[in-house]
Each structure stands twice: as C-alpha cells, then as structure tokens.
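According to Swiss-Prot, the protein has these features:
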- His352: active site, proton acceptor (ACT_SITE)
- 6-9, Lys20, Gln70, 75-76, Gly135, Glu148, Asn163, Asn217, Arg322, Lys340, Tyr355, Asn366: UDP-N-acetyl-alpha-D-glucosamine binding site (BINDING)
- Asp98, Asn217: Mg(2+) binding site (BINDING)
- Ala369, Asn375, Tyr376, Ser394, Ala412, Arg429: acetyl-CoA binding site (BINDING)
- 1-219: region 'Pyrophosphorylase' (REGION)
- 220-240: region 'Linker' (REGION)
- 241-446: region 'N-acetyltransferase' (REGION)
Amino acid sequence: MTAIILAAGLGKRMKSEIPKVVHSILGLPMINWVLRAVKKAGIENIIVVTGYKAEIVEALLPEDVKTVRQVKQLGTGHAVMVAQDAVMDDEVIVLTGDAPLISPETLINLYKIRREKDYDVVVASTFQEDPTGYGRIVRENGKLRIIEEKDASEEIKRIKEINSGIYVFKSDFLKDALKKINNNNNQKEYYLTDTVALAEKATAHVIEDPTEVLGVNNRVQLAEIQKIAQKKINERLMLNGITIVDPDTTYISPDVEIGQDTVIEPMTFILGKTKIGNNCLIGPMTRIIDSSIDDSVSIIRSEVEQAIIKSGARVGPFSRLRPGTTLLENTKIGNFVEVKKSTIGRNSKAQHLTYLGDATIGEDVNIGAGTITCNYDGVRKHQTIIENNSFIGSNCSLVAPVKIGEGSVVGAGSVITDDVPPYSLALGRGRQVIKEGRYKNKEKGE
C-alpha cells in the first residue's frame, strides 16, 4: 500500500505567507496529523506532493517520507500524476493534507473494503447538513460520480453526501484512468474525482463520524477543527483516569501521554511528545513542550520545554525550564527561576529569582535568591559546577568556568571568579564601612 498526500496548494483563503498544511492544530502542523494517521494505519510507503513554498512543508517531514513537487498547481488529478512514478504497490490511498482529523481505523477500513470486493476505487464520503465547499457524491444507475461544487448544478448542490477527498485505488486502474481525464471544466484543472466515473467497480463508503473528513480552508475552520480535536483528546484522557478541570481551556497534542490520577488545571498547554507520569499536578497557566515528567511532580504557572523532570520535583510558580534541563528527584525550582542546559541534583532547591545556565548542581544544594551563573563571556558558554551539600547565599554571581567544592558556603552578595575548595567559606564582596553619625547634622540641601 502506498499513500499519496496532497499538500501542494496555496490555500488562498488562509490569507497566509506559509502553506496551508503547515498551520498547526494543538501544536502539530496539519500535514503531520495526516502523516500520523497514515503511519498508524500501517502504511509505510508515503509520498507527499508539495508545491507552494515546498521547502517549508518538506522541512516538517520525516526522512522516510518521499516528496515530489507539483511545480504548477493544475488540480488534484495532476498532483497524483506527478506522484505516480513513485508508486510501487498494488494499492494507492490518496488523502489531502488539510483534513487532519482522519483516523487510522477509518483508513484501515477503507482498504479492507476495497480488497474484499476488488473495487477499482473506494471513495470515503459522509453527509453534511451544510455541504458548501465540497464535491457531491452522485449515484446514478449503479454508477458513481463526483461533481466538484464549482461545476455543480443547483440540483446537485442540494445533495448532502460529500466527497471527503480520500480514495483507495487499485494501482493499475489509477494509472489508466489518469491518462483519460482532461481539464475541460470551469477551473481548467485535472480533477482526480473524474477517475471515479471511469471505474467499472466503484463504491462510496460513508464514514460515520463526519468530523474526520472536515477540511480547512480558512482560519475560522482551523479554529473549529482544533476545538473538535481538543474535545476528542481531552475526553479520551479523562476516560483513562486523568482529571482535566476545564477541558475548554486545556490544549493537549495528540501524542502526549499522561498517567492516571494526574490533574490538569485550566489554561494549560501540553504539546509535542510530552510524557507525564501518575499523580502529577499540572497548571494552571502552564505550557509544557516535548518533555518527560515522572510521577508525583507539580508544575504550577510555568514554562517547560525539552526538559526531564524526575519524581517528586516541584516547579513554579513562574519558573522557566529551557531545553537541556534535568531536575532529579525532589528538586524545587521556585518563582522567577530560569534553568537552561543544566542538571539539578536530588533534593536541591533554587526557589527565588535565579538563573542557572550550563550548570551541574549536586545533591542537597541550596541556591539563594538572586543567584546568577554568569555562563557567557560574549563568545562562548562556560560551565558552573556546584558539588553536593553546598550552600550559595543570596545575590551571588558565579562567573564561569567555576567550581564550588562539596560542602562549601558562598556568602551572600559574593562575586565568585575562582574555584572554591571543598568545605570552604568563600566571600567575594567589598567590606562594609560605617561612618557613625556622618549625616546627623546634615542640613537640608547640603
């Protein structure tokens, strides 16, 4: 089985400088939603037809996906013509890249139907109360036709069974049929739909859930489809033992995994391939991207991206964990703390107003409020190492590269530029001077 995904269109009604299929739903570009369904249906040979700003679309595709370019957008039939030389299988499934909600189960069912009765083509159809914008399925005298809306009469426009844009073809039939279609229509395009009328054995299979085949033509429809996807994902998670306090304000990508008894508070975004364990508290007002979070972690009003958080850690409120951050068990990262490309050891804490970049911090370390790792010299980044059981006082600057030895104490307000040996006290600040009574008789204006 080969899948051809049509993704060459401009998408004029999106009024956008980027291709339509690149626009995201719940953090995942539409083209990747379709790819995800195709792969889960067990289809390995995948061809994506690109066109308008092809390089942007192609940059989103995995290496195992083939691409062909439709330099001139001359219709869906022409797009498949461009791709047909890369078809190596007896069956071809054709999908559009702007109908992101198609399920793997529906795709599997479609190719099973084609095989059972050796159809030349099976078309996925559904019924819409408002079919505006879709081609109509016309059944006459045992034959099947698809009429594009732009070419439809008023009588045909009243038909509510619509073409989804998803087809399963016998490869030999498709190759022959593509040679016979023409562009004698209002749009002067080669319609893939015209191949259906050439089939001796064709059927339209009605998909029970019409939302699966909804297409995106403008940003209103993009928002509507995101709302449908959001509802499906959140309901699935809640039925599997996750509490989502307000599903309407919780946005979760389709590949996110969340464990039982985790609570997701309102205004939370969990995106990418994030994995969250059991008994966690996430949110409110939190965004997590492509991160791994173990059991019993709380993340409150914070941002987490490409981070690893081990069990029992506490993050927030108002923390930022940037890519490359690892928090080990029972760490505490508090308000207005930013961590980047650093590992924080077990039971260590940085609870206030701190920046930790390119740092390795051991176990049972206290980072005082206002501590900064000065990791950048204007050219290169340098590492800070703080060993186990150290105590960093408030308002310290650690100028990297620098190492604080095990069990050491850095006095508040210090600027540390040299390594500190284990079990030492380091002070790097000016001596306090008091001139008692200096201003006792100071007159106003002096």
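Placement of Cβ uses the backbone N, Cα and C atoms for every residue, glycine included.
Summarising the environment of His352 (active site, proton acceptor), the number of other Cβ atoms within 10 Å of its Cβ, over all protein chains shown, is 15. Under DSSP, residues within the region 'Linker' (220-240) fall into helix, strand and coil as 20 helix, 0 strand, 1 coil. Residues Ala369, Asn375, Tyr376, Ser394, Ala412, Arg429 are recorded as binding acetyl-CoA; their most distant pair of Cα atoms lies 22 Å apart. Cα of Gly75 (UDP-N-acetyl-alpha-D-glucosamine binding site) to Cα of Asn217 (Mg(2+) binding site): a distance of 16 Å. Within the same chain, residues 14, 23, 25-26, 100-101, 211, 214, 247, 250-254, 256, 258, 260 sit at least 6 positions outside the region 'Linker' (220-240) and bring their C-beta atoms closer than 8 Å to a C-beta of that stretch. Closest to Asn375 (acetyl-CoA binding site) in space, going by CA atoms and restricting to the binding-site residues Lys20, Gly135, Asn163, Arg322, Tyr355, is Tyr355. Cβ neighbours within 10 Å of Asn163 (UDP-N-acetyl-alpha-D-glucosamine binding site), excluding its own Cβ and spanning all shown chains: 25. Taking each of the binding-site residues Lys20, Arg322, Arg429 in turn and counting other Cβ atoms within 10 Å of its Cβ gives the largest count for Lys20. When secondary structure is read from DSSP and collapsed to three states, Lys20 (UDP-N-acetyl-alpha-D-glucosamine binding site) falls in the helix class. Cα distances from Tyr355 (UDP-N-acetyl-alpha-D-glucosamine binding site) to the binding-site residues Asp98, Asn217, Ala369, Tyr376, Arg429 are smallest for Ala369. Ranking the binding-site residues Leu6, Ala412 by C-beta neighbours within 10 Å puts Leu6 at the top.
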